[in-house]
Amino acid sequence: MLEQQQNDLTPISKLGEFGLIKHLTEKFSFKNSSTEISIGDDAAVINPEGKKVVISTDTLAEGVHFNLGYVPLKHLGYKSVVVNLSDIAAMNAVPTQILVSVAVSNRFPVEALEEIYYGISLACEKYKVDLVGGDTTSSQTGLVLTITAIGLENSENIVTRKGAKANDLLVVTGDLGGAYLGLQILEREHSVFLADPNMQPEMEGYDYILERQLKPEARTDIKQILSDLDIKPTSMIDVSDGLASEVLHLSEQSKVGFHVYENKLPLDSVALSTADELNLNPTMCALNGGEDYELLFTISPTDFEKIRNNPDFSIIGHAVDLEQGNFLIASGSNELVALTAQGWKAF
Ligand code: ADP
Ligand code: MG
């Protein structure tokens, strides 16, 4: 960063912790009647209005989950909310409130936090959720963002990972592998830049997958679409770690196996051409890439007609007895390949 710009930035110490919290949160307005008391008291008060309360939390740590070398702070704020709302959507619940905890070192000026909170506010607007609290603390190392999302839902609508039965159809929303391929492009261009800061990054034509990585969306829209089709999934999960990992989670919780058809996996054309360019197997990107934040769910086979030609959904396989295991049926050869997943490689 240029020295000139550095001098124009405001150190956090100038506002102090309380001033900072006020400064960052005063523009947030409230959209949900269930929000009774929010920022400014010792704790928030939420009125569940007779519904079940669904809660989830996720932490994003600098250097582990994101690299500020190529992730804009605004996008980081937006995405940190989205990944949490995705978990609420995966329970078939409506997200209503979030809490945001930040740990920052003094190398971050107030303006950096403003950017993060701007991204957070955009997500709150788009998804109609209220920021009702959080925590602010200093960090010795880097930036850590922890978001807790709260959702409310009638008991009978909640969908868990448990509940898939043999012969149920396995369905996924949207397309897969794009976020991972977007990350590969960002990392490639970032290393080019580090080697020679005068080089302009080549990002043209990759818009779709870059957006999938930097500005993913939570599929909070799916709940209504399914309800309009008169479908209640028998089990559901969001695709955060990669399809293979999520299929195995549904398998474990529901005590069934799954057969997934490689030729049914939804892949976007930009994802396909980028995989080809980078010499990556697109199926592996879909299975193990992660961060797509689509929803993976099972439905009763009797719901097949309701969903078969719907562009929002791809039927990618079906549940089998647990003893039959979890397999990918390879395109062409019909060979059965065991599904495996290491999970998120943070450790
Ligand atoms: P306490 O000392 O009781 O933890 P704080 O001073 O941390 O209280 O927080 C004061 C209020 O500001 C609380 O309502 C808290 O939820 C909210 N708050 C603190 N930090 C943040 C933040 N980073 N984002 C949003 N709200 C925050
Ligand atoms: Mg506190």
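Cβ from N, Cα, C; glycine included.
As given in TrEMBL:
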BINDING   ASP42, ASP87, ASP238  Mg(2+) 3 binding site
BINDING   ASP42, SER56, ASP87  Mg(2+) 4 binding site
BINDING   THR57, ASP58, ASP135  Mg(2+) 1 binding site
BINDING   ASP58, ASP87  Mg(2+) 2 binding site
BINDING   HIS65, GLU291, TRP344  substrate binding site
BINDING   TYR117, GLY134, ASP135, ARG161, SER240  ATP binding site
BINDING   ASP241  Mg(2+) 5 binding site
DOMAIN    40-152  domain 'PurM-like N-terminal'
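Among the binding-site residues listed (SER56, ASP87, ASP135, ASP241, GLU291), ASP135 has its Cα nearest to the Cα of TYR117 (ATP binding site). Under a cutoff of 8 A between CB atoms, and with a sequence separation of 6+ in the same chain, the neighbours of GLU291 (substrate binding site) are ALA179, TYR180, LEU183, ARG212, GLN213, PRO216, SER240. Cβ neighbour counts within 10 Å, taken over all protein chains shown, single out ASP238 as the most crowded of the binding-site residues ASP58, ASP238, ASP241. Listed in chain order, the extra residues whose Cβ falls within 8 Å of the Cβ center of the Mg(2+) 1 site residues THR57, ASP58, ASP135 are THR59, ASN84, LEU99, VAL100, SER101, LEU145, THR146, ILE147, THR148. Note on proximity: among ASP87, GLY134, ARG161, ASP238, the binding-site residues of the record, the Cα nearest THR57 (Mg(2+) 1 binding site) is that of ASP87. Under 6 Å, Cβ to nearest atom of ligand 2: this is the test, and of the binding-site residues ASP135, ASP238, SER240, ASP241 it is passed by ASP135. Close to ligand 1, meaning a Cβ under 6 Å from one of its atoms, are these of the binding-site residues SER56, HIS65, TYR117, GLY134, ASP241, GLU291: GLY134. Rounded to a whole number, the C-alpha distance linking ASP87 (Mg(2+) 3 binding site) with GLY134 (ATP binding site) is 19 angstrom. There are 22 other CB atoms within 10 A of the CB of TYR117 (ATP binding site), with all protein chains counted. Between the C-alpha atoms of ASP238 (Mg(2+) 3 binding site) and ARG161 (ATP binding site), the distance comes to 10 Å. Per-residue pLDDT, averaged along the domain 'PurM-like N-terminal' (40-152), amounts to 96 for this model.
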